[in-house]
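Database features (TrEMBL):
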COMPBIAS  241-265  compositional bias 'Basic and acidic residues'
DOMAIN    61-300  domain 'Grh/CP2 DB'
REGION    240-268  region 'Disordered'
Amino acid sequence: MAWALKLPLTDEVIESGLVQDFDASLSGIGQELGAGAYSMSDVLALPIFKQEESNLPPDTENKILPFQYVLCAATSPAVKLHDETLTYLNQGQSYEIRMLDNRKIGELPEITGKMVKSIIRVVFHDRRLQYTEHQQLEGWRWNRPGDRILDLDIPMSVGIIDPRANPTQLNTVEFLWDPSKRTSVFIQVHCISTEFTMRKHGGEKGVPFRIQIDTFKENENGEYTEHLHSASCQVKVFKPKGADRKQKTDREKMEKRAPQEKEKYQPSYETTILTECSPWPEATYVNNSPSPGFNSTHNSFPVAEGVVRPRLTIYVCQESQQSREQQTKHENGDAAPNTFFVYHAIYLEELTAGELTEKIAQLFNISPRQINQIFKQGPTGIHVLVSDELIQNFQDEVCFVLDTMKDDTNDGYHIILK
């Protein structure tokens with residue numbers, strides 16, 4: 001659960017301010033924390049600061065975090081005590097994220113005097129949208145050509161070095177920074193939450209996003225691949241000034257509630273502290289080298305280590321004489337009411353013509369060697385040879401009817417995707 005402070009962020013003020021700000025919340029827990037006995041680990045260990053379903057390993061939940069990231073935007077007051085905080089942002093507005101060194105003396109000495117790399121990304125909060133992230137982002141790219149989901153406001157930022165925005169990853173930015181020096185990065189989110197709702201009739205609720213930061217140190221080869229820390233928070237993005245109106249509406253609703261009801265909700269804080277989370281799965285596979293160049297390969301879904309999800313799903317139906325007759329009747333409106341066509345799902349991971357050949361052969365219990373070529377029926381009925389590049393440009397969950405054509409030169413067949 002993300003939580004937030006509304007006080008200046010020096011170490012001494014944070015420590016003393018936390019005691020005052022959370023005194024009311026801690027009073028019923030059965031222990032009193034005086035300023036002398038207080039430590040941040042004690043607060044983070046309390047149940048009210050833990051998510052019910054933590055995605056962190058058990059041995060990491062109570063450790064002191066090496067870094068702390070503070071988003072300078074107020075949290076909503078309309079969030080119940082045991083729920084994760086929610087922060088409203090305005091589209092295109094620059095928001096500061098303070099990158100704080102939270103290490104104790106002698107902790108992580110290998111990064112003292114050295115740079116670390118942080119990757120900031122805007123991702124989906126809902127699991128349903130996480131599974132279809134690639135399609136969602138590609139759809140956004142199509143509707144907003146030339147725009148990015150996440151940008152750095154470099155002139156406003158302080159202490160960041162070598163900032164980069166990968167042109168093929170619209171929702172990701174990265175930079176180097178020295179933990180021993182003051183560092184603040186300003187970000188702009190250009191997508192709004194309602195752009196990803198399934199039905200757009202006006203007045204619908206927007207989907208929540210997550211702002212996640214993953215930080216890495218150098219390995220022996222000078223590449224930033226060794227994970228140090230990750231943290232995230234939940235946000236919703238509105239059209240310009242919409243976040244301010246939403247915050248005001250939430251505040252007015254809470255003011256109308258009875259005192260007993262108000263006790264069930266968190267207060268609004270002026271800043272949002274990102275809470276520790278597991279590293280973003282893709283971040284463990286990319287080469288975070290500071291050298292120029294980006295990995296521009298076809299994007300895959302975010303997956304946990306050891307779990308393989310398809311990068312592309314297509315649906316195919318084998319065409320026969322009977323299905324041709326039924327399809328003609330269907331187009332003429334003469335098909336029987338219970339007529340339907342059965343499609344099979346093919347899941348592609350490598351996005352190559354060879355892989356598609358093997359998957360089609362497995363589906364129809366034939367040898368891949370019996371399939372000589374695969375064609376896609378193009379405009380005016382032309383046959384376009386299916387190549388790796390063509391497959392990589394297929395839309396996800398596209399449907400094809402498979403027709404076969406005997407090869408006159410041997411015993412093989414040609415497959416035609418219609």
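From the backbone N, Cα and C atoms, a Cβ is placed for every residue, glycine too.
Sequence-remote contacts of a segment are chain residues at least 6 beyond its ends whose Cβ falls under 8 Å from one of its Cβ atoms, and for the compositional bias 'Basic and acidic residues' (241-265) they are 73-74, 76-81, 88-91, 93, 192. Helix first, then strand, then coil: DSSP counts for the region 'Disordered' (240-268) stand at 19 helix, 1 strand, 9 coil. If you take every residue in the domain 'Grh/CP2 DB' (61-300) and average the pLDDT, you get 84.
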